[in-house]
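Visitor: Before I ask anything, here is the structure I am working with.
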Amino acid sequence: MKFDIEATDSRSSARAGVLHTDHGDIHTPIFMPVGTVGSVKAVHMHEVKDDIGAEIILGNTYHLYLRPGVDVLKSAGGLHRFNSWNRPILTDSGGFQVFSLTHRRKMSEEGVVFRSHIDGSKHLFSPERVMDIERAIGADIMMAFDECTPGDADYRYAKESLALTERWLDRCFKRFNETEPLYGHSQSLFPIVQGCVYPDLRRQAAEKVAEYGADGNAIGGLSVGEPTEAMYDMIEVVNEVLPKDKPRYLMGVGTPANILEGIERGVDMFDCIMPTRNGRNGQLFTWQGTMNMRNAKWANDHSPLDPQGTSFVDHTYSRAYVRHLMVSQEILALQIASIHNLAFYLDLVRTARQHIIQGDFTQWKASVLPALSQRL
Ligand code: PRF
């Protein structure tokens, strides 16, 4: 998996690149819509591709393993065949989902024993198991199995947790190197930097991760309850150490402002449930700020949903109509909000990329940032 850097910003660490995969090119910085169980909730694949312009989507090992399960995925010929998405896919390892099952899991050196959120059945995720499952799913990018350390962990906990993640990482690479892709396209394994909010742990973790010489590297354990400034500081600490010539992926982040701050600090890839989940709750993101579509203030606003929006829903439907659909709990409301928000997130990173190439990213970012977090 080759990564070419096309342009670097002279005033910040921002860069524009192209990541080449067997399922096509990814232009970075990129936002990756989340498709937890193999579907981007409420959105058809042709909309994800053509209206939203996504170049890669996410799947979750935890969910796909429980349902439909490895046997169905294997007999389908992998997730790309199963869900009819023929562009790149990245699978998260379950290192986040399993740990959010606080009362339903037990951790040990071997791995995590957890109970299914679906039927309560008992399962073990170990680094080896997770690598085998990610091989069976067949994503272009597989994530290592880690412990996502909570943002409020004390130093001692964070240090022990990081040590476990590092031992697991070694086992992940060992299993990954002993096994082959199942479906004829190549797969890359990205390691994940943990270390909570402690600069020395983060630095050490990034040095360790860099030693594997992976095709790309991820930053985990952020946006998990720590102050926003601490998150930005940790991104800076880690990106000083991670190789500059490989893509960097900030996991599960975040708001439009978080994404621009991440890009400025040298992050290339992002994913977050925010555009889809918040969209289903009625929150729309725009260049002018966020709109709560359940709000009565839109009841008689017959103007287009978002005049600056890039997707067809923005010009097809009015604010008043979308507000009516939201209040009436119509399924179409969820579809419209999801398409709008994902198209906005893709427009955000695409526009950032253009400005990195043009050489005025920093000025452009300063000019758009204040409006992004306003409430309309
Ligand atoms: N690890 C994994 N997935 C993740 C995270 C992590 O730390 C996060 C943290 N923001 C989101 N998704 N494996």
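Placed from the backbone N, Cα and C atoms, the Cβ positions cover glycine too.
The feature domain 'tRNA-guanine(15) transglycosylase-like' is assigned by TrEMBL to 13-369. Residues annotated as substrate binding site in TrEMBL: ASP92, SER93, GLY94, GLY95, PHE96, ASP146, GLN194, GLY221. Feature annotation from TrEMBL assigns active site, proton acceptor to ASP92. For 252-258, 276-280, the entry in TrEMBL reads region 'RNA binding'. Residues or ranges marked as active site, nucleophile in TrEMBL: ASP271.
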Visitor: Can you go through the binding-site residues ASP92, GLY94, ASP146, GLY221 and pick out those with a C-beta less than 6 angstroms from ligand 1?
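Guide: Cβ < 6 Å from ligand 1, in sequence order: ASP92, ASP146, GLY221.
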Visitor: Using DSSP, tally how many residues of the region 'RNA binding' (276-280) sit in helix, strand and coil.
Guide: 5 helix, 0 strand, 0 coil
Visitor: Whole-number Å only: compute the distance from the Cα of GLN194 (substrate binding site) to the Cα of the residue listed as 'active site, nucleophile'.
Guide: 17
Visitor: Please work out which residue of GLY94, GLY221 has the most C-beta neighbours within 10 angstroms of its C-beta, and give that one of the binding-site residues.
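Guide: Max Cβ neighbours within 10 Å, all protein chains included: GLY221.
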Visitor: Need the DSSP three-state call for PHE96 (substrate binding site) to compare against my parser.
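Guide: For PHE96 (substrate binding site) - judged by DSSP and reduced to three states - the answer is coil.
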Visitor: Can you give me the residues near the recorded substrate site, meaning same chain, not ASP92, SER93, GLY94, GLY95, PHE96, ASP146, GLN194, GLY221 themselves, Cβ no more than 8 Å from the center of the site's Cβ atoms?
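Guide: Once ASP92, SER93, GLY94, GLY95, PHE96, ASP146, GLN194, GLY221 are set aside, the remaining close residues are PHE99, MET143, ALA144, PHE145, GLU147, CYS148, ILE192, GLY220, MET251.
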Visitor: Give me the mean pLDDT over the region 'RNA binding' (276-280), rounded to a whole number.
Guide: 97
Visitor: Whole-number Å distance between the CA of GLY94 (substrate binding site) and the CA of ASP271 (active site, nucleophile)?
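Guide: Each residue's Cα considered, GLY94 (substrate binding site) and ASP271 (active site, nucleophile) end up 15 Å apart.
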Visitor: Which of these recorded positions has the least crowded Cβ, counting other Cβ atoms within 10 Å: ASP92, ASP146, ASP271?
Guide: ASP271
Visitor: Just to verify a number: CA distance, the residue listed as 'active site, nucleophile' to PHE96 (substrate binding site), in angstrom, no decimals.
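Guide: Computed Cα spacing between the residue listed as 'active site, nucleophile' and PHE96 (substrate binding site) is 13 Å.
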Visitor: Give the residue counts of the region 'RNA binding' (252-258) per reduced DSSP state, in the order helix, strand, coil.
Guide: 3 helix, 0 strand, 4 coil
Visitor: According to DSSP, which kind of secondary structure is GLN194 (substrate binding site) found in, if we only use helix, strand and coil?
Guide: coil
